[in-house]
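Here is what Swiss-Prot records for this protein:
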{"type": "COILED", "residues": "56-109", "note": "coiled coil"}
{"type": "DISULFID", "residues": "Cys105-Cys331", "note": "disulfide bond"}
{"type": "DISULFID", "residues": "Cys116-Cys323", "note": "disulfide bond"}
{"type": "DISULFID", "residues": "Cys119-Cys320", "note": "disulfide bond"}
{"type": "DISULFID", "residues": "Cys124-Cys313", "note": "disulfide bond"}
{"type": "DISULFID", "residues": "Cys131-Cys303", "note": "disulfide bond"}
{"type": "CARBOHYD", "residues": "Asn195", "note": "N-linked glycosylation site"}
{"type": "CARBOHYD", "residues": "Asn255", "note": "N-linked glycosylation site"}
{"type": "CARBOHYD", "residues": "Asn309", "note": "N-linked glycosylation site"}
{"type": "CARBOHYD", "residues": "Asn349", "note": "N-linked glycosylation site"}
{"type": "CARBOHYD", "residues": "Asn398", "note": "N-linked glycosylation site"}
{"type": "CARBOHYD", "residues": "Asn429", "note": "N-linked glycosylation site"}
{"type": "SIGNAL", "residues": "1-20", "note": "signal peptide"}
Amino acid sequence: MQPPLFVISVYLLWLKYCDSAPTWKETDATDGNLKSLPEVGEADVEGEVKKALIGIKQMKIMMERREEEHAKLMKALKKCKEEKQEAQKLMNEVQERLEEEEKLCQASSIGSWDGCRPCLESNCIRFYTACQPGWSSVKSMMKQFLKKIYRFLSSQSEDVKDPPAIEQLTKEDLQVVHIENLFSQLAVDAKSLFNMSFYIFKQMQQEFDQAFQLYFMSDVDLMEPYPPALSKEITKKEELGQRWGIPNVFQLFHNFSLSVYGRVQQIIMKTLNAIEDSWEPHKELDQRGMTSEMLPEQNGEMCEEFVKNLSGCLKFRKRCQKCHNYLSEECPDVPELHIEFLEALKLVNVSNQQYDQIVQMTQYHLEDTIYLMEKMQEQFGWVSQLASHNPVTEDIFNSTKAVPKIHGGDSSKQDEIMVDSSSILPSSNFTVQNPPEEGAESSNVIYYMAAKVLQHLKGCFETW
């Protein structure tokens, strides 16, 4: 019985695989679909290339606009740098004059101050002792106050900050040069990408409609008949002048030169003579000492005013001959130059802040441009790679053939499309399976196959 069983088993297996093999009708349907693959595929390729060329055109337009914005930024940066250098130069000149005046004043003021200080200290301490008993505390306060006056007149103020270091300017210059180099290279890359895409356009120009040809070859300043690609990422920018509102530092120089000396004179007169003006009711005080009119119980308001402000001691300078006009005539230029130097330093700080802000805006503008360019190149740049392979759309879809394959007896899911890509790609051939839900005779298969082939080709170009 064993031989008959063996024969029956072989026969049943043969029938099974015979039933699963493709019929002539199904094979003819697959071959018929493949004959229409070049026509459908070429239409898809033309549409995808057209979309990519529109994206490349938009990228070129965007880059040209970005170049204009970058040029305005660099112009503003150059102007701000010149203004900053002028502010630095002005501050250096004031500092040199201040140092010269301090050296001259220091030599002459020491002797005069040594003669003025004892008399001024004596009168002031007597007054403050009468107003506020406590010799040690009053004497300590007086020494600190007089020491501040001497330090202000004989040496540079400790509050004056050093001018900005030259190394900082050099570092900023290097940063600007780096930004300029990156942006220039980005512009070159964008132009190169467009040139390669333009070569593809010339190859396929006859396949495109007249409106698209006019658009792609038109000047970028004309109206655009096609909506911009990546419209969500490219937003309208405000005018640079309205957006930043950079003040004119040269105008600040002019205003500074007109007002600083007037303010300095007012500050000096206020500091040295304000108390003297309020002293008119008490001119009857003589140089021999304090009278009963200055006692706390009779002049409480005056004592309270002087205790709150030790600069009231300067009122007694008229009691001493050597102190009479010391602060206003001995070294009049030193206080004025100190204030002028502080004003110049403030101007330098303002110009440095403006320069830093424009550098930051330029850096942000560069980073934003790089981001947009990368996004657009990622989406549309694949078309430029066709230029180095001399593609012909017919070759892509003519080099195809059906490969029958057995799939567990389901003849409607057996076919695959093999694409010979050696004519346009260095990679080996690849196959595309029929969609699971469609049979070989379905008309939807050809569109599915064409889309898969095009997707594969685009993926290969995008990785290069």
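Cβ coordinates are placed from backbone N, Cα and C, and glycine is handled just like the others.
The Cβ of Cys119 has fewer other Cβ atoms within 10 Å than any other of the disulfide-bonded residues Cys116, Cys119, Cys124. Counting in whole angstrom, Cys119 (disulfide bond) lies 42 from Asn349 (N-linked glycosylation site) by their C-alpha atoms. A distance of 87 Å separates the Cα atom of Asn195 (N-linked glycosylation site) from that of Cys124 (disulfide bond). Same-chain residues at least 6 positions away in sequence with a Cβ under 8 Å from that of Asn349 (N-linked glycosylation site) are not found in this chain. Cys124 (disulfide bond) falls within a helix when secondary structure is assigned with DSSP. Predicted-model confidence for the coiled coil (56-109) is 86, expressed as mean pLDDT. DSSP classifies Asn349 (N-linked glycosylation site) as helix under the three-state reduction. Across the fold, the C-alpha of Cys124 (disulfide bond) and the C-alpha of Cys116 (disulfide bond) stand 12 Å from each other.
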